[in-house]
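Some features that TrEMBL has for this protein:
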type	residues	note
DOMAIN	10-210	domain 'YjeF N-terminal'
BINDING	58-62, 124-130, Asp153, Ala251, Gly305, His350, Asp418	(6S)-NADPHX binding site
BINDING	Asn59, Asp120, Ser156	K(+) binding site
DOMAIN	216-474	domain 'YjeF C-terminal'
BINDING	Lys387, Gly388, Ser389, Thr390, Thr391, Gly417	AMP binding site
Amino acid sequence: MRTAYSVETVRAAERELMARLAEGALMQRAAAGLAAACADLLGRVYGSRVVLLVGSGDNGGDALYAGARLARRGAGVTAVLLAPERTHGAGLAALRGAGGTVAGSGAAEELILRADLVVDGIVGIGGKGGLRPEAVPLAGYAADSRAAVVAVDLPSGIEADTGEVLGTAVRADLTVTFGTHKPGLLIDPGREYAGSVRLVDIGLELPEEAELEALQHADVAVRLPVPGAESDKYRRGVVGIAAGSARYPGAAVLAVSGALRGGAGAVRYVGPAADAVISRFPETLVSDQGPARAGRVQAWVVGPGVGDDASAVAQVLEADVSVLVDADGLRLADRSAVRARTAPTLMTPHAGEAAALLGVSRESVEAARLASARELALRYGATVLLKGSTTLVADPQGGAVRVNPTGTAWLATAGSGDVLSGLAGSLLAAGLSALDAGSVGAYLHGLAGRLAADGAPLGAHDVAAAIPEAWRDIRDALR
Ligand SMILES: NC(=O)C1=CN([C@@H]2O[C@H](COP(=O)(O)OP(=O)(O)OC[C@H]3O[C@@H](n4cnc5c(N)ncnc54)[C@H](O)[C@@H]3O)[C@@H](O)[C@H]2O)[C@@H](O)CC1
Ligand SMILES: [K+]
């Protein structure tokens, strides 16, 4: 499991650790890790041109000490100081002692454009409210330069706790982060600014429960349902799919295609698209009765392509089994009916749907994904899977939010969400909690999307067809 902790938690752990260590020891650990990462990126340190962007805090101190280490190995290191009178004094002395120099801000553009490496130590976890105006041009020069850009702890200008980007931020090729990932490094839009992320262990002791967690192959593998010797189709779980309409039969077919690959023993389809479903997937059990009379299931998926069939949504919400609500279902679901449920509920909006449910703009959901997912979970008393470039899953009772690491932009294709609904609903029917079904479903779906796309456009049905390959790939992590 990859975890991320909030600034407040990191600060507390740092205080505790600093009290036990010699003055400056922690910063030396950070700088050593940073310098090593820079050296790896440069390949040849000797003779390289390195520019340090140095803000007024310890983030700048890290950059200066790392710069001193690179200067000692023969790099030409120049520091651009944003606040010369408030620069980390000992760090600056170390840089000078190692042969590094300081340039005035007038020389910054020229230096950055000619550099091999730019180290962004403008601001770290002490930053708030986006880049200050004097730092904004530096981010621009770094973006225009052919130099590799390494962010210290996090790209300056992104909000560490949320991944929000307020105005301009530094775009890094590599972020070297200390002690733990910060939430903003794993959530868009901040994640896109971070490039690849390298974690340097500085010995922080962090609490059990993280702010954010990202499942990895091994975490998913142990959660995948596996039929036992005693299993039959009913014991493996039956998932009911209430989806599709005369106008949108394809949504039903795609939801079923995901559900068939998600671990349930049988898929029961209810709705007006039964013919389309059967002709594509003859193994589906179909019914033209409403969900309330369709026979026993262990979980329901309701919503993809149902149009205005509010009755199907209401019937499903009354069922005493796990329910996944998606697409049209989100619009039609009565909030008090969702809140009144005692069995688990998983809602799967994309940013636009989440915005409608919260009564805010789509942009504000996209800018603050973590807060939006949490808020929605609280309001509805339901687990919320917020789809997007970084899919998040939040439980209503709090706890670590799951962030999906397998997403790919190729998944932004019509019908892809219907496949995810069926898949995650099938995992619910197989007995996974709403949090696990949502996060394991998103992980499988993302990986299937990557495997199916392999760098080329794909259709949603390709994603569904690639789920078994993704499943095997993950399962093999346990071998
Ligand atoms: N505290 C520790 O134990 C350690 C801290 N380390 C480093 O220290 C950093 C935190 O240092 P600080 O607490 O000094 O804080 P920062 O260096 O992150 O930033 C604080 C300084 O930046 C200025 N600032 C705030 N917002 C800004 C903005 N939007 N634009 C420009 N300047 C802004 C403030 O005036 C303040 O002087 C970490 O991110 C990490 O890089 C590491 O050395 C590891 C050990
Ligand atoms: K930084």
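Placement of Cβ uses the backbone N, Cα and C atoms for every residue, glycine included.
Features per TrEMBL, on structure.
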{"residue": "Asp58", "record": "(6S)-NADPHX binding site", "Cβ within 10 Å": "20"}
{"residue": "Asn59", "record": "K(+) binding site", "Cβ within 10 Å": "26"}
{"residue": "Asp120", "record": "K(+) binding site", "Cβ within 10 Å": "32"}
{"residue": "Ile125", "record": "(6S)-NADPHX binding site", "Cβ within 10 Å": "23"}
{"residue": "Lys128", "record": "(6S)-NADPHX binding site", "Cβ within 10 Å": "11"}
{"residue": "Asp153", "record": "(6S)-NADPHX binding site", "Cβ within 10 Å": "28"}
{"residue": "Ser156", "record": "K(+) binding site", "Cβ within 10 Å": "29"}
{"residue": "His350", "record": "(6S)-NADPHX binding site", "Cβ within 10 Å": "20"}
{"residue": "Ser389", "record": "AMP binding site", "Cβ within 10 Å": "18"}
{"residue": "Thr390", "record": "AMP binding site", "Cβ within 10 Å": "22"}
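Every protein chain shown contributes to the tally, and the Cβ of Gly417 (AMP binding site) ends up with 26 other Cβ atoms within 10 Å. For Thr391 (AMP binding site), the same-chain residues that are 6 or more apart in sequence and have a Cβ closer than 8 Å to its Cβ are Leu385, Val403, Asn404, Gly407, Ala442, Gly446. By the rule that a residue counts when its Cβ sits under 6 Å from some atom of ligand 1, the binding-site residues Asp120, Thr390, Thr391 yield nothing. Other residues of the same chain near the K(+) site, with their Cβ within 8 Å of the Cβ centroid of Asn59, Asp120, Ser156, are Leu53, Gly55, Gly60, Ala63, Gly121, Ile122, Val123, Gly124, Gly127, Ala151, Val152, Asp153, Leu154, Pro155, Val170.
Among the binding-site residues Asp58, Gly61, Asp153, Ser389, the residue whose Cα lies closest in space to that of Asp120 (K(+) binding site) is Asp153.
Within the model, the domain 'YjeF N-terminal' (10-210) carries an average pLDDT of 97. In terms of C-alpha distance, the listed binding-site residues Asn59, Ser156, Gly388 place Ser156 closest to Lys128 ((6S)-NADPHX binding site). Cα of Asn59 (K(+) binding site) to Cα of Gly417 (AMP binding site): a span of 41 Å. Long-range Cβ neighbours of Gly388 (AMP binding site) (same chain, at least 6 residues apart, Cβ-Cβ under 8 Å): Asp188, His350, Ala351, Glu366, Arg369, Gly407.
DSSP assigns Ser389 (AMP binding site) to coil in the three-state reduction, placing it in neither a helix nor a strand. The two recorded residues Lys387 (AMP binding site) and Gly61 ((6S)-NADPHX binding site) have their Cα atoms spaced 38 Å from each other.
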